[in-house]
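What follows is one structure encoded as C-alpha cells, with my remarks underneath.
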Amino acid sequence: MAFYKRSHAGYRRLLPLFLVIFSVALVLLLLIRKWSISDFSYIAVEQESYSFPSFSMETDNRLLLNFGDFKPKLPKMNDVAISLDRRNFLPPRNIDLFPNLAENHIKIVLYVHNRPQYLQVVLKSLANVKGIGETMLIVSHDGYFNEMDSIVQAVRFCQVKQIFSPYSPHLYSDSFPGVSKGDCQHKDDPSKKNCSGDADQYGNHRSPRIVSLKHHWWWMMNTVWDGLPETRMHSGHILFIEEDHFIYPNAYRNIQLLVKLKPAKCPDCFAVNLAPSDVKSKGEGWESLIAEKIGNIGYTFNRTVWRNIHAKAREFCWFDDYNWDITMWSTVYPSFGTPVYTLRGPRASAVHFGKCGLHQGQDKISACIDNGEAKFELDNFDKVPNINIDWPVYVFKNQEGYRAGFKGWGGWGDHRDRELCFSFAYMYHSSDALTNLRDVSKHS
C-alpha cells in the first residue's frame, strides 16, 4: 500500500512534465504537416475527398525556362473542364488487382483522341504484352468523349490512370481555345470580314480541331513529367504510344532490355524506340542494334531528356506546324546542337495501323470511316524478347525526313495558340502560375 502511495505521488509530480512534452510534440507535428503541404495540395483539398502524397517541386531546376516578360495565362475553365481536371488527380484504378508496381518499371502513356475503334485495338494488344501487369498505363485524353472513356474504364490488365486535357479546344464551344465569336475562318481577310486572328505562313487561320493535336501532346508531356503525383518524381524512363499503334507481346520486355543496354551500347542516344522511324518499316532483321533518329512509335526517354525538351519550349511553341512530331524533328531536336539518336532493335515491336488521321476522328461532317479491324500476323519471335545483348550497334546517319530548315506545314500562326502552349510549359514551375490555377478553380 505504501508502495502504491509513493508511486501515485510520483506520477502526480511527473504529470506536468508529461503535459509539456505532449504539447511540444503536438505543435511540432502540426508544423511539420504545414511545411509538408505543397503548392499543389489545394487540388486534393478543394476538389476531391481523396488525398495523395504531398509534393515538393523537384530540385533539378538547371534547365527551367527563363520566361522574361512573358506572363502565362490559362483560359478560364468551364464546368466540364473543372470536372475533368478533378479526375486527373484520382488515384489509379485496379490497385486491388495489381497492388505493387515492379521495381524499375517503365510507365506507359497512351495518347488518344476520339477513335474508339482504334483504341479497342491498341488496348487489346496491350493486354497480351508480357509484363504489362508490372507497370502502370496512363491514358491521356484530348478533352472528353464518352465512348473513349467507357472503353478505358473496362481495362483490367494493369493499373490504369486516366488524365483529361482541361484546355482541349473540344471542350469550349464558344470561347478560346475553341472558336471565339469574331474569329477569322480559313483564309478570311480580317479587314474585309471584320474578324480577328493571326493567319499562319500560308494565310490560313486557326482551326481548333487541328491545333488540338499539338496542344494535347504538349499539355500531356508537361503534366506527366511535372504535374502528376504518380510520375512527377519518376526518374526512370516513360514509354509513349498512341491509339493507332499495335503493340507486340514482346514490346515491354524489349524496351526494358534497350533501356538497360543504352548506357553501354549507345551512351549518346537520347531515347529508345519500339519501331523504326520509318513507319512503313518493320525493321531490317539484322543481328545488330540500330541507332537512328527518334521515331514517333513507342519512343521512350527519361527525365534528363525531358528537361532538355522542356528548355526548348519557345522553339516548340512558336514553330508554325500543328504536328508535334514534325515540330520536334524540325526545330527542337536540331536545337540541341548534337545528333539526336535513339536505340532500337532490328525488328519492330510496335506498328502503326489505320487510315484515319488523328485530326479526323469522328467529326460529324467529315468523319473518316474506318472500322478499325486490324489483322496482324505475329511470328514466334514477336512474342518473346528478341534482342541479343551481345549485338553491335549500326548507326544510320543523314536519314531522310524532316530536319532543320523545314518551314512547317502551318496551322499554328495564331498568337493565342503559341501563348497557351508556352503557358503549359510554365504551369508547374511558377508560384504565379499556380496562383492563377487556384483562381481558375475558385471562380470558374
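Yeah, the Cβs are placed from backbone N, Cα and C, and that goes for glycine too.
Bear in mind that TrEMBL entries carry predicted annotations, made automatically and left uncurated.
When you check TrEMBL, the disulphide partner of Cys421 from the set Cys269, Cys317, Cys356 turns out to be Cys317. In this structure, the disulfide-bonded residues Cys184, Cys195, Cys266 were compared by how many other Cβ atoms lie within 10 Å of their Cβ, and the smallest count belongs to Cys195. The recorded positions shown are Asp142, Asp244, Cys266, Cys317, His352; of these, the one with its CA atom nearest the CA of Cys195 (disulfide bond) is Cys317.
Taking the C-alpha atom of Cys184 (disulfide bond) as reference, the shortest distance to any of the recorded positions Asp142, Asp244, Cys269, Cys317, His352 belongs to Cys317.
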